[in-house]
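This report concerns only the one structure given below.
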Amino acid sequence: MPKEIYDSYENMLFNLDSAAKKLGLDYDDYLSLRYPERELVVSIPVVMDNNHVEVFTGYRVQYSSSRGPCKGGLRYSNDVDINIVKTLAALMTWKSAVVNIPFGGAKGAIRCDPSHLSREELKRITRRYTAMILPLIGPEKDIPAPDINTNDEVMGWIMDTYSMFKGYSVPGVVTGKPLEIGGTLGRQGATGRGVVYIINDIAPLIGFSLVGAKVAIQGFGKVGSILAQLLAHQGSKIIAVCDISGGIYRESGLDIDDLIKYVNNNPSKTIKGYKSPGVTEFPKEEIFYFPVDLFIPAAKENQITASIAKKLNTKIIAEAANGPTLVEADEILESRKIIVIPDILVSAGGLVVSYFEWVQNIQSLMWDESEVNELLMRIMKRAFNEVWAVHQQREVNLRMAAYMLAIDRVVKAKKIRGVFP
Ligand SMILES: NC(=O)C1=CN([C@@H]2O[C@H](COP(=O)(O)OP(=O)(O)OC[C@H]3O[C@@H](n4cnc5c(N)ncnc54)[C@H](OP(=O)(O)O)[C@@H]3O)[C@@H](O)[C@H]2O)C=CC1
Ligand SMILES: O=C(O)CCC(=O)C(=O)O
């Protein structure tokens with residue numbers, strides 16, 4: 001058993017190397033996949049509301065463009081560094097390949113705490129960051145999208161800044177933007193919707209039913225809240241959720257529609273202070289320990305460590321967050337027969353609908369929401385079936401199956417392009 005790996009990039013490399021080995025790849029054929037194509041670190045000077053200047057650090061990592069333009073979200077958080085951005089950019093590469101859409105992978109971040117910044121400060125930081133990464137992005141090169149603590153409004157600011165430099169409107173430079181400026185119907189709930197589609201796909205194959213299933217969810221943001229709502233509407237009991245402020249629990253299931261309304265109206269945009277009959281509070285670190293049928297990490301990476309894996313009391317984990325499970329935890333979960341549906345498959349819904357948004361932008365088309373959701377379901381189902389087939393044929397777990405599918409596709413693209421001898 002390998003030592004417990006807390007370095008997220010090492011964690012990703014471990015999975016990449018294992019998949020390459022199982023595929024029987026030559027080291028020469030996949031060595032370049034262990035490195036990002038391009039990394040940019042920028043220092044962003046911004047005049048704050050108090051008229052003093054602060055300098056923020058920003059990142060954009062383009063991991064691979066072998067299968068198409070680089071694609072991936074932009075995160076605002078105090079705990080980002082180049083290592084985590086590289087990891088997330090790699091995961092985007094594998095994710096695009098698993099769902100077989102013509103994108104590579106990228107990720108961006110700005111080290112900041114948005115809860116301590118005014119809207120105007122955030123806007124100035126975003127605009128300056130955009131100007132500084134401008135040579136790297138564009139509809140044919142690299143297309144940012146929302147991730148932790150960013151949203152459609154932030155995407156609108158990026159689009160505007162990029163368009164100002166170009167001298168004309170370029171909607172296709174970002175996805176996840178407001179509908180009024182070229183966003184697509186269906187993007188806001190797409191990641192959560194994709195998670196629920198995949199759980200519905202796997203359910204009959206493993207004798208699982210979402211109706212009446214007990215669920216715990218870590219993270220109640222853009223992804224966690226929507227998937228909680230969709231699962232609740234399908235008859236699951238969401239017994240516990242948490243965000244950065246703490247957790248809430250109700251044995252008979254939380255009223256998710258009511259909770260979403262509460263969070264939207266709460267000035268802190270958290271679940272803190274939510275009261276309802278039968279609801280009790282718990283410290284957020286305890287989210288892992290409720291006896292449930294389905295556990296969904298929807299917050300951030302490196303959450304499920306070996307010690308947590310030993311105690312998790314669930315049948316299935318659906319990784320809505322990117323990179324929530326450490327390698328050593330994976331081994332423990334497998335030995336405990338807990339099924340892990342990996343991030344690069346189950347969380348791909350947002351990416352897929354971003355692809356639809358980009359397609360609409362470059363063709364000046366506008367699709368109906370039903371068209372978006374139907375095609376999302378088809379693409380997610382195709383990806384699930386392909387991962388499941390590798391899982392069955394090669395007798396590997398679902399993460400390894402997804403990595404094998406993805407890496408094979410990226411290596412083939414590189415070979416066809418003549419990158420390797
Ligand atoms: N947005 C997207 O389309 C996609 C996102 N993802 C991944 O999903 C995850 C969530 O992203 P998203 O929903 O967009 O981000 P948001 O910023 O909208 O939400 C993040 C949620 O996680 C909570 N959170 C953060 N840290 C902790 C913690 N230590 N313990 C418990 N809760 C915590 C936040 O709480 P609070 O709000 O109180 O800070 C918030 O509820 C990330 O891993 C992201 O990379 C994956 C695919 C696509
Ligand atoms: O919508 C996108 O392009 C990317 C979303 C993302 O960052 C992710 O899937 O992690």
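Cβ from N, Cα, C; glycine included.
What TrEMBL says about a protein is an automatic prediction, not a curated fact.
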Residue from LYS71, LYS337, LYS381 that TrEMBL also lists as binding substrate with LYS95, SER354: LYS71
Count of other CB atoms lying within 10 Å of the CB belonging to ASP147 (site 'Important for catalysis'): 26
Proximal residue to LYS71 (substrate binding site) among recorded positions LYS107, ASP147, THR191 (C-alpha distance): LYS107
Nearest of the recorded positions (LYS95, ASP147, THR191, SER354) to LYS107 (active site, proton donor), judged by Cα-Cα distance: ASP147
Maximum Cα-Cα separation (Å), residues LYS71, LYS95, SER354 listed as binding substrate: 13
